[in-house]
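Structure first, then comments.
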Amino acid sequence: MTSSTVMNYDIENDDSFTQPVGRWSVLYYGSGHMLNDITAACWFTYLLLFLTDIGLSPRGAAAVMLSGQIADGFATIFIGELIDRFGHFKIWHGAGSVLVAVSFSSVFGGCMPCRILSTSTLKVETISYCVFAAIFNVGWAATQVAHMSMVNCITLNSTSRVVLTSCRNAFTMVANLSLYAIAFIVFSVSTAKTHADLENQYRWIAYSSIFIGCCFVGIFLSRTEEPRLKMGLRGNSHARISWAYWFKKILYYQVALVYMLTRLVVNVSQAYLAFYVINDLRMGQSAKALVPAIIYICSFIVSILLQEMAWTGQRLKAYYSAGGVLWVFCGAGILILPMNMSAFMYVLAIFVGIANALMMVTGISMQNVLIGEDLSGCAFVCGTLSFLDKMSCGIAVYVLQSYQSMSPTVLDNNSSITSLTVLDNNSLISTSYISVTRFGLGLIPAICSLVSVAVTCTMKLHTPYSKPLVEPLLQ
């Protein structure tokens, strides 16, 4: 029997590694991604809207987001490899959080090079925002990979791993709701009459988000211990699994595809939600905070409920498929929803929130099933899957934004057009047009959901050490 086999045998017979995780440990872990989550919510919901409002072209705004996504994608692989080599999850998490807090304020803080060079050309502005977006996403990647891969090194219990992931997703919902509450207050109490006023609105949103996120990061770093399972299981924290080991697994490609499609569904829909309710449905300004808030309230409730279940591979597949099918119907509704029935968007938001939670919790949990006890490669798996997520989302948004300059034709009452709808301000709009926003929010997520459900049905998931929590999270 080799030393590695002996070590694995000792771990399997050590209840401290296979027993369920306690409630407070789960909550402390879940709080660790709040800064990333609240800044990401602001990034995907308001970045494109902010940049186009201050004068950048749709393609220029998309280039800023794409630069951040590319930097994030490559950083996840590089940082994942370093974490697998040297460990120290909390150090990577803390360093990434500091970088996120410092750089995110610059993304929404105006064009610093423009002030230094005393110029405000679109080219300089675009390059400036691209640089700060890239820096922000490098820090974001460090925090994300460290936090996600920690799950597998905290416990071997498959149900507890899902619970940790579900709690993390619940805090994601809290982060998003916090952002939209801040945004609702800011948009309600202040009026943007100039570009300076507009920048101040988003600056208040960004700074408030950073403060809230940093408070939760402090709780996580002070109350969560550095995982010791990785060192105990392998005997050497510097040992790592070859990349080829994962590339030979069919399940790796299946999980990677499902995770990428899941993130496409959530992120692309989030990026176009504000555009959709304002430009396509002509809802009030408060709707760009209220509709997302409904989505995340529903997601939060579902995420909490999912923490009370005992999980198996078949149950993961079933719940993911349910969420995917639900998103297909939601996407179809969004695609055909007419302007005069815009209030129905609040109903659709409920089902979108449920579908998002089901897909995110189970989709990320499939990563943990894939990793199993192969902890020396957990950060690499999280990093490569995140790479696919960032690159695909960045490219998808950039392609869609390249056509965003096409907009519905609005005419006055003296004009004529073949297919018209009367607006509240007595102007007219062509109804023969289907906007890029509708495709981004409705069609793309629906197609991705359908494909991911088909892939999920082909998976073979095995979940050992499946035991319930020590105590329920809900009383």
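Every residue, even glycine, has its Cβ placed from backbone N, Cα and C.
Because the structure is a prediction, the values reported are computed rather than measured.
Record features (TrEMBL):
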- 26-49: transmembrane segment (TRANSMEM)
- 61-79: transmembrane segment (TRANSMEM)
- 91-114: transmembrane segment (TRANSMEM)
- 126-150: transmembrane segment (TRANSMEM)
- 170-192: transmembrane segment (TRANSMEM)
- 204-221: transmembrane segment (TRANSMEM)
- 250-277: transmembrane segment (TRANSMEM)
- 289-306: transmembrane segment (TRANSMEM)
- 318-337: transmembrane segment (TRANSMEM)
- 344-366: transmembrane segment (TRANSMEM)
- 439-459: transmembrane segment (TRANSMEM)
| request: Establish whether the number of Cβ pairs under 8 Å between the transmembrane segment (61-79) and the transmembrane segment (344-366) reaches at least three, counting only pairs separated by 6 or more residues. | output: no
| said: Would you say the transmembrane segment (26-49) and the transmembrane segment (170-192) are touching, if the rule is that at least three C-beta pairs must lie under 8 angstroms and be 6 or more residues apart? | reply: yes
| task | With a Cβ cut-off under 8 Å, give me the same-chain residues at least six positions beyond the ends of the transmembrane segment (318-337) that come close to it. | result | 258, 265, 276, 281, 306, 344-345, 348, 351-352, 354-359, 361-363, 366, 434, 438-439, 441-443, 445-447, 449-450, 452-453, 456-457
| field | the transmembrane segment (204-221) vs the transmembrane segment (26-49): 3 or more CB pairs under 8 Å | value | yes
| request: Given the cut-off of 8 Å on Cβ pairs that are 6 or more apart in sequence, determine whether the transmembrane segment (250-277) and the transmembrane segment (91-114) share at least 3 such pairs. | output: no
| note | Spatial neighbours of the transmembrane segment (439-459) not adjacent in sequence (6+ beyond its ends, CB under 8 Å) are 251, 254-255, 257-258, 261-262, 264-266, 268-269, 271-273, 275-276, 313, 317, 320-321, 323-325, 327-328, 330-335, 355, 359, 363, 366, 396-397, 400
| remark: Same-chain residues at least 6 beyond the ends of the transmembrane segment (91-114) with CB under 8 Å of its CB atoms are 32, 35-36, 39, 42-43, 47, 50, 79, 82-83, 120, 124-125, 127-129, 132-133, 135-136, 138-147, 199, 202-203, 205-207, 209-210, 213-214, 217, 220-221
| remark: With the cut-off at Cβ under 8 Å and a gap of six or more residues from its ends, the chain residues touching the transmembrane segment (344-366) are 148, 161-162, 165-166, 168-169, 172-173, 255, 258-259, 262, 265-266, 269, 277, 281, 283, 287, 290-292, 294-300, 302-303, 306, 311, 316-317, 319-320, 322-324, 326-327, 329-330, 333-334, 337, 449, 452, 459, 461
